[in-house]
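These notes concern the structure reproduced below.
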Amino acid sequence: MNPTDRVLGWTFVALYLTACAHAPARPEPEEARETRWQIGQYIEESSTTQMPAAHPEPGPSGIKQRQLVISLAQQRFVYREDGTLVRSGPVSSGAPGHSTPKGRFRVLSKDPEKVSSRYTNQLGMPAWMPYAIQFHGHYFLHEGWLPGHPDSHGCVRLHEADARFLFERLQPGDPILIRD
C-alpha cells in the first residue's frame, strides 16, 4: 500500500469515527430541498420562546440568564444571554422512530469527551459524542454530522464550533427548551 492510499484510508476511518451511530438516511425526493446555514447565523427574534432562567444571580462573567431554544421544525438552535441573542445555528435532531423529546429541560451534566454507552458508529465502536451536554435521560446535545434533516437516535447534533461554544457557556441547571 503506498503512502497516499494509507493517508486516504485513515482519513475515511477518522470521518466514520466522528459521526454518530445512526447511519445517514437518504432523503426522499420531496424532502431533497436543502437549506444551507452559516455557523452561528441568526434567526428572527419572533420565532423563539422565552423561558425563565435558572441562575438569578450573576455568575463570574456577570451573566444572569442563559437560555437555549431548539426548534425541531426549523432544525435550528438559538442561544441567549440576559435576553440578548448571542448565537444560533443548525442542528440535526432525532430521525423518524428516534424522536428527540420536546419540552422544558435543564442542563444535567457536561462531558467534553463523552462516549455513548448505547450506540455504536458504522465501525461497531462506541459512538463518540464530543462536547456532550445532557438534558434528559440518555439524550444529549453534542458535536456531530449535520445532513440537513433529522438523522440521530434522539440526541441533538451541532457543528463542532457551536457544540464547543454551548459547552463552554451553558452550566448545570441552565434552561433548554425543545419545541416543534
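Glycine is treated like the rest: Cβ placed from N, Cα and C.
Copied over from TrEMBL, here are the features:
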ACT_SITE  His142  active site, proton donor/acceptor
ACT_SITE  Cys155  active site, nucleophile
DOMAIN    66-179  domain 'L,D-TPase catalytic'
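Over all protein chains present, the Cβ of Cys155 (active site, nucleophile) has 29 other Cβ atoms lying within 10 Å.
Sequence-distant neighbours of the residue listed as 'active site, proton donor/acceptor': residues of the same chain at least 6 apart with a C-beta under 8 Å from its C-beta are Lys114, Met129, Pro130, Tyr131, Ala132, Ile133, Cys155, Val156, Arg157, Leu158, Ala163. Secondary structure of the domain 'L,D-TPase catalytic' (66-179), assigned with DSSP and counted as helix (H, G, I), strand (E, B) and coil, comes to 10 helix, 63 strand, 41 coil. A mean pLDDT of 97 is what the model gives for the domain 'L,D-TPase catalytic' (66-179).
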